[in-house]
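Enquirer: Sharing a structure with you now.
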Ligand code: G4P
Ligand code: NA
Ligand code: NA
């Protein structure tokens, strides 16, 4: 998506060789027009896959997951980040380490909103190490639903998340690939 690359160049702030701040685009402010365009792109890539639900993890993936679900005409379900350690009977829970944040969080998804007959498209904003994605993939497996694929807005190719997931035989489509952030420059892939 050339338009998205352009916006990443305009809005992105390189914080280090590892991290690109994208508050103007994904993590704080959202451009509805651009986000709907991302949703149309994901919907086009997965339109023949019989998707019945779009899943994401709160919070930054919700806007683009909404746009995708709207285009596909299916519900969006977002896994919640739990603030309590109490086990919930009617929910799937997974503990997710965050490499960048240095903390663990628990993500939770009610059994009510993910059924064994579902065909799931998992949408997220950024994939780095892929820990959150792995947590949600485990939940989808436990539910008996079929994971059709992942749609990721920005793939950071220099971290292992996307590669590891593809090596498991899972389809992962990204809109923009970032190969490197070194020397104060964003280098795009492909
Ligand atoms: P992972 O999700 O791939 O495992 O990434 P990691 O644990 O390393 O990162 C934790 C959070 O930081 C994730 O957001 C992820 O999207 C975000 N992140 C990782 N690298 C970058 C980056 O270069 N730029 C930006 N802007 N964000 C990055 P999250 O915890 O899922 O929170 P939320 O944003 O969805 O609320
Ligand atoms: Na996210
Ligand atoms: Na994020």
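Just so you know, the numbers here start at 1 and follow the chain as drawn.
Note that Cβ sites are derived from N, Cα and C of the backbone, with glycine treated the same way.
Below, the features straight out of TrEMBL:
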{"type": "BINDING", "residues": "20, 27, 156", "note": "xanthine binding site"}
{"type": "DOMAIN", "residues": "50-156", "note": "domain 'Phosphoribosyltransferase'"}
{"type": "BINDING", "residues": "128, 129, 130, 131, 132", "note": "5-phospho-alpha-D-ribose 1-diphosphate binding site"}
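Let's see these features in context: how buried, what's close, how far.
Expert: Residue 156 (xanthine binding site) falls within a strand when secondary structure is assigned with DSSP.
Taking the domain 'Phosphoribosyltransferase' (50-156) as a whole, pLDDT averages 93 in the prediction.
Residue 129 (5-phospho-alpha-D-ribose 1-diphosphate binding site) has a Cβ environment of 17 other Cβ atoms inside 10 Å.
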Enquirer: Could you find out if DSSP has residue 131 (5-phospho-alpha-D-ribose 1-diphosphate binding site) as helix, strand or coil?
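Expert: Looking at the DSSP assignment, residue 131 (5-phospho-alpha-D-ribose 1-diphosphate binding site) belongs to a helix.
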Enquirer: What is the separation, in Å, between the Cα atoms of residue 132 (5-phospho-alpha-D-ribose 1-diphosphate binding site) and residue 20 (xanthine binding site)?
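Expert: With the alpha carbons as reference points, the distance is 18 Å.
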Enquirer: Cα of residue 27 (xanthine binding site) to Cα of residue 131 (5-phospho-alpha-D-ribose 1-diphosphate binding site): how many Å, rounded?
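Expert: Between the alpha carbons of residue 27 (xanthine binding site) and residue 131 (5-phospho-alpha-D-ribose 1-diphosphate binding site) there are 18 Å.
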Enquirer: Restricting the comparison to the binding-site residues 128, 129, 130, 131, which residue's C-alpha is spatially nearest the C-alpha of residue 156 (xanthine binding site)?
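Expert: Comparing Cα positions, the candidate nearest residue 156 (xanthine binding site) turns out to be 128.
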Enquirer: Using Cβ-Cβ distances, find the residues under 8 Å from residue 128 (5-phospho-alpha-D-ribose 1-diphosphate binding site) that belong to the same chain and are at least 6 apart in sequence, listing them in sequence order.
Expert: 99, 100, 156, 159, 161
